[in-house]
Amino acid sequence: MEPLNRTEVSEFFLKGFSGYPALEHLLFPLCSAMYLVTLLGNTAIMAVSVLDIHLHTPVYFFLGNLSTLDICYTPTFVPLMLVHLLSSRKTISFAVCAIQMCLSLSTGSTECLLLAITAYDRYLAICQPLRYHVLMSHRLCVLLMGAAWVLCLLKSVTEMVISMRLPFCGHHVVSHFTCKILAVLKLACGNTSVSEDFLLAGSILLLPVPLAFICLSYLLILATILRVPSAARCCKAFSTCLAHLAVVLLFYGTIIFMYLKPKSKEAHISDEVFTVLYAMVTTMLNPTIYSLRNKEVKEAARKVWGRSRASR
């Protein structure tokens with residue numbers, strides 16, 4: 001056998017959409033607009049939930065955290081992706097690749113848990129209305145979100161360290177437009193079983209388990225709604241649950257496709273398309289589906305905007 005050509009890695013080449021120049025020219029204005037809408041929408045929701053005292057409730061605390069996650073997640077890859085769409089040199093340093101991998105894993109994992117926590121909050125609000133404020137106290141909200149942030153960060157750092165310490169051989173071309181951990185692992189010439197097993201275990205804990213919890217919560221909510229005598233109230237509550245469930249299905253469905261699908265040695269353009277869908281469309285739609293259609297949020301936004309104009 002020939003010895004493995006191990007080299008010290010200083011940078012990676014992100015293949016991305018290199019083979020599709022027409023697609024690159026189309027994606028740049030589209031992704032730029034989506035990125036701007038994502039930042040503006042989520043920043044507005046986060047600001048309103050903090051500045052308006054009437055929104056200092058558990059549901060808007062979690063919505064504020066969701067907006068914070070979306071604001072933290074998209075800058076981990078979108079600005080560099082936009083630069084690469086216009087550039088012929090699509091490289092990323094080893095250190096930046098590791099940071100990008102860690103932050104994207106951490107924020108994505110935290111959002112998985114946040115969606116489950118939000119489903120539990122919806123269940124308590126609809127199914128246990130008299131005990132809601134006792135069961136879902138502010139202290140519990142902070143503890144749940146703090147635990148989610150810390151645990152997912154530790155998990156992501158561990159996955160990144162295990163993966164990036166592997167030896168890399170031959171070309172350093174990542175068949176993706178970001179440093180996705182599965183794409184980087186394909187370049188490793190060492191034993192990747194430990195990293196893959198750790199990643200699979202984390203995927204199972206953060207995908208099927210929370211998703212099953214969310215589905216159970218919504219089934220209990222639906223059963224409660226069907227017992228509500230008022231048809232108008234029933235329809236309103238049911239439509240709200242459908243909106244939340246739509247985002248959950250979009251978010252979890254794309255992740256499950258990317259991480260739990262059968263392995264393939266060749267990269268497919270569908271990976272990139274689904275990653276854009278998961279990473280950008282969901283973060284852009286979250287403010288609209290979760291908050292901007294809510295009358296309380298609209299009223300709070302008008303009050304905050306009015307106070308800001310009056311103070312000038």
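Glycine is no exception: its Cβ is also placed from the backbone N, Cα and C atoms.
Positions annotated as disulfide bond by Swiss-Prot: Cys97-Cys189. Cys97 (disulfide bond) carries a helical DSSP state (H, G or I). Applying an 8 A CB threshold to same-chain residues 6+ apart, the list for Cys97 (disulfide bond) reads Glu11, Phe12, Met164, Val174, Cys179, Val184.
What Swiss-Prot records for Asn5 (among others) is N-linked glycosylation site.
In the three-state DSSP scheme, Asn191 (N-linked glycosylation site) is classed as coil. Swiss-Prot lists Asn191 (among others) with the feature N-linked glycosylation site, giving sequence analysis as the kind of evidence.
Look at Swiss-Prot and you will find 1-25 (among others) tagged as topological domain 'Extracellular'.
The topological domain 'Cytoplasmic' annotation in Swiss-Prot covers 47-54 (among others), and the record cites sequence analysis as its basis.
Within its own chain, the topological domain 'Extracellular' (76-99) has Cβ neighbours under 8 Å at 9-18, 24-25, 27-28, 31-32, 35, 107, 160, 164, 174, 177-179, 184, 279-280, counting only residues six or more beyond its boundaries. Feature annotation from Swiss-Prot assigns topological domain 'Extracellular' to 76-99 (among others); the stated evidence is sequence analysis.
Positions annotated as topological domain 'Cytoplasmic' by Swiss-Prot: 121-139 (among others). Within the chain carrying the topological domain 'Cytoplasmic' (121-139), a Cβ under 8 angstroms from the stretch's Cβ atoms is held by residues 58-59, 61-62, 217-218, 220-221, 224-225, 237, 241, 244, all 6 or more beyond its ends.
Look at Swiss-Prot and you will find 161-197 (among others) tagged as topological domain 'Extracellular', backed by sequence analysis. Each residue of the topological domain 'Extracellular' (161-197) gets a DSSP state, and the totals for helix, strand and coil are 14 helix, 5 strand, 18 coil.
What Swiss-Prot records for 218-237 (among others) is topological domain 'Cytoplasmic', and it gives sequence analysis as the kind of evidence.
Taken from Swiss-Prot, the feature topological domain 'Extracellular' covers 259-271 (among others), and the record attributes it to sequence analysis. For the topological domain 'Extracellular' (259-271), the model's average pLDDT works out to 59.
Sequence annotations record features per position, and here Swiss-Prot assigns topological domain 'Cytoplasmic' to 293-312 (among others) based on sequence analysis.
Using a Cβ-Cβ cut-off under 8 Å and counting only residues 6 or more beyond its ends in the same chain, the transmembrane segment (26-46) has close neighbours at 17, 63-64, 67-68, 70-71, 74, 78-79, 81-82, 85-86, 276, 280-281, 283-284, 286-288, 290-292, 297, 301. Residues or ranges marked as transmembrane segment in Swiss-Prot: 26-46 (among others).
Sequence annotations record features per position, and here Swiss-Prot assigns transmembrane segment to 55-75 (among others) based on sequence analysis.
For the transmembrane segment (100-120), same-chain residues at least 6 beyond its ends with a Cβ under 8 Å from one of its own Cβ atoms are 59, 62-63, 65-66, 69-70, 72-73, 76-77, 80, 92, 144-145, 148-149, 151-153, 155-157, 159-160, 163-164, 178-181, 184, 202, 206-207, 210-211, 213-214, 217-218, 244, 247-248, 251-252, 255. Per Swiss-Prot, the feature transmembrane segment maps to 100-120 (among others).
Look at Swiss-Prot and you will find 140-160 (among others) tagged as transmembrane segment, backed by sequence analysis.
Cβ atoms under 8 Å from those of the transmembrane segment (198-217) belong to residues 109, 112-113, 115-116, 119-120, 122-123, 152, 155, 158-159, 162, 181-182, 248, 252, 255-256, 259-260 of the same chain, restricted to positions at least 6 beyond its ends. Among the features that Swiss-Prot reports, transmembrane segment is placed at 198-217 (among others), with the record citing sequence analysis.
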>> Suppose we draw a 10 Å sphere around the Cβ of Cys189 (disulfide bond). How many other Cβ atoms does it contain, all chains included?
In response: 14
